[in-house]
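Quick notes on the structure that follows.
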Amino acid sequence: MTKIGFYLATYATIYIILSPGLLATAARENLHHQCFCESPSKCDCFPTTPTPPTSVNKSRKGGPLCTTDGDCKHFCRPKKGVCNIDFETCICQ
């Protein structure tokens, strides 16, 4: 009886560990091609063609990579250069 309990506990543990990953994979697969049809000519499928990723924030004038404002002195001469920390690029002001 001890061996049966051990194998049952091992199986249950493995099942619990793998279940969330299997469910997530199944859910992801179902989202790829779902269509709702009212008639043969009218079907709404989603998701539609994937949109390319876009950057929400864009720098005004991108320059060379920088980590401090001093890195932008040569690039922005004679203007003052500021390092945009978000994009790590120089911005001339």
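Here the Cβ of each residue, glycine as well, is placed from N, Cα and C on the backbone.
In the disulfide annotation of Swiss-Prot, Cys90 is paired with Cys66 out of the candidates Cys45, Cys66. Here the Cα atom of Cys90 (disulfide bond) is found 5 Å from that of Cys83 (disulfide bond). Using a 10 Å Cα-Cα cut-off around Cys92 (disulfide bond), the disulfide-bonded residues Cys43, Cys66, Cys83 reduce to Cys83.
Take the disulfide-bonded residues Cys43, Cys66, Cys83, Cys90, Cys92: by the count of other Cβ atoms within 10 Å of each Cβ, the lowest one is Cys43.
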